[in-house]
Amino acid sequence: MQFCASANALANINNSHSEKIDVASMARMRQAISDLRAIQDQRYNDSIANQQRQQQQQQQQQQRRQQQHPVPPAPQMPGAYFSAAEQPPAPPPPLPVPDTRRPRTPDLRRRSKNARGFPEMEQRGSWERQRPSSGAAAAPPPPPPPPPAPPQPPMSPSFSEESPISSYTGPDSPATRTVSSSSSSSLNEENGVRHWSIRAFGMQLNSSTSLIQTGDITKCFGPIMSGVKEHLAQEYYSLFHLEFPGKPQLTMLFYQRAEDHRTRIVCRVRSSKRRTVYSTIPITSLQIYRSGSCLQLCQKGPDPDEMIAWANLQFSSIEKMVVFFCTFLALRGQDSSKPISNIPDYHLCGEFEVFAGKIVDDNFAHALRVFRDHETKAVRLQATVLDGDLKRVPVWTAFVHPYFRKKSWLRRTGPKTVYLSELQRITFIDSEEYIPPRTRDGKHVLTFTTDGDATGFVYYMEDLIRHTPVR
């Protein structure tokens, strides 16, 4: 009995001792966990503080960079724009332009005495350029109607309704063959008609870069119409006409109506001294595309993606083609009889857009682009309306590759200013509505809206100068 009591007492002592050990170990574990949590909290707070300091440093660095001149990223391969393997991109969509014969309105009369001092001018938004509204306009009196024309045969060979290009889904990229025919223009300033299109086609351009002839000959695919001249003489006045050589002789005539600036294109085919036929169509019914050395005027077909050719025009030089292309877009844009938009023909197929930026041009915000033709390597500048109803419609263009070998032709004179010693601008707006900014000694001024655009323009122009062959 004494032995059992001693054993029980010893067991009770051991149990109490183990419970004390467990309580002590639990206390130590709790303390260790608390210490770990404190360390983790401290590390988390330190990481948050480090992130805030890094963000502050990045903001300060960005502010310092903005105060300096940013340099645009150089292309990965110098001269990448000029590789022989490159293919012209598919043409994107366009929009509308202004006119000389439209009624003068306060919105369009934006000229002031300080216009040549471009830095002090208040910048106007390009959306303020609007289509001329319908209303009275000073138009020349229509000439007396001519005598009735003799009856015409039912069909002319040059108005053939069967043609390999009469229906197609889109313009092809240019292919190369031989030399194209040339065209001549005739201007109509009789009866007091004054229009920017007359000056555009009457300019003696400082360059003529030949195109290699491709595609079909110049011809019209429209239906023969009777009484065209009589109808136009009642409401329209003649702007200009372009003669394309060949047999039969084809002439494209442009007419405009004063009240709403509606423009009609007339195709005249003279197969003999006694045989002349006509076809006409509103310019707003046409889209324009390039195929090699040709410009194709097309109508929409029955299917949404189908285009039907109305006329095919051959051009001998890229300069004449560009003038016709830009004039077409401008006349169609100014037409307020049937305003159109979202038409994907503002891009001339075969040209690459090397640069695009914003400029303050005679106190208006315009988009300035640099294009390089894939075939001829001709380079031109083009200013277009930046926003609004007339977005992407050309205001002026200028071929600049003839100046590339002239010393100090291009000079940057300020963070946002570039001087060009020579520039032949072809304008597609009335001279009273646009006066090119120039210095007192005749230098042409390009004023960009940001330092980065000015830097990018100079960079890419110098790259073009280096890679354009000497002519």
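Don't overthink the numbers, they just go from 1 along the chain as shown.
Yeah, the Cβs are placed from backbone N, Cα and C, and that goes for glycine too.
Those TrEMBL annotations? Automatic predictions, nothing curated.
Listed in TrEMBL:
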COMPBIAS  51-65  compositional bias 'Low complexity'
COMPBIAS  88-97  compositional bias 'Pro residues'
COMPBIAS  99-109  compositional bias 'Basic and acidic residues'
COMPBIAS  119-131  compositional bias 'Basic and acidic residues'
COMPBIAS  139-156  compositional bias 'Pro residues'
COMPBIAS  157-167  compositional bias 'Low complexity'
DOMAIN    226-351  domain 'PH'
DOMAIN    353-464  domain 'PH'
REGION    41-190  region 'Disordered'
Secondary structure tally of the domain 'PH' (353-464) (DSSP, helix then strand then coil): 17 helix, 47 strand, 48 coil
Within the domain 'PH' (226-351), residues counted as helix, strand or coil by DSSP: 28 helix, 58 strand, 40 coil
Averaged pLDDT, computed only over the residues in the domain 'PH' (226-351): 91
Helix, strand and coil counts within the compositional bias 'Low complexity' (51-65) (DSSP): 15 helix, 0 strand, 0 coil
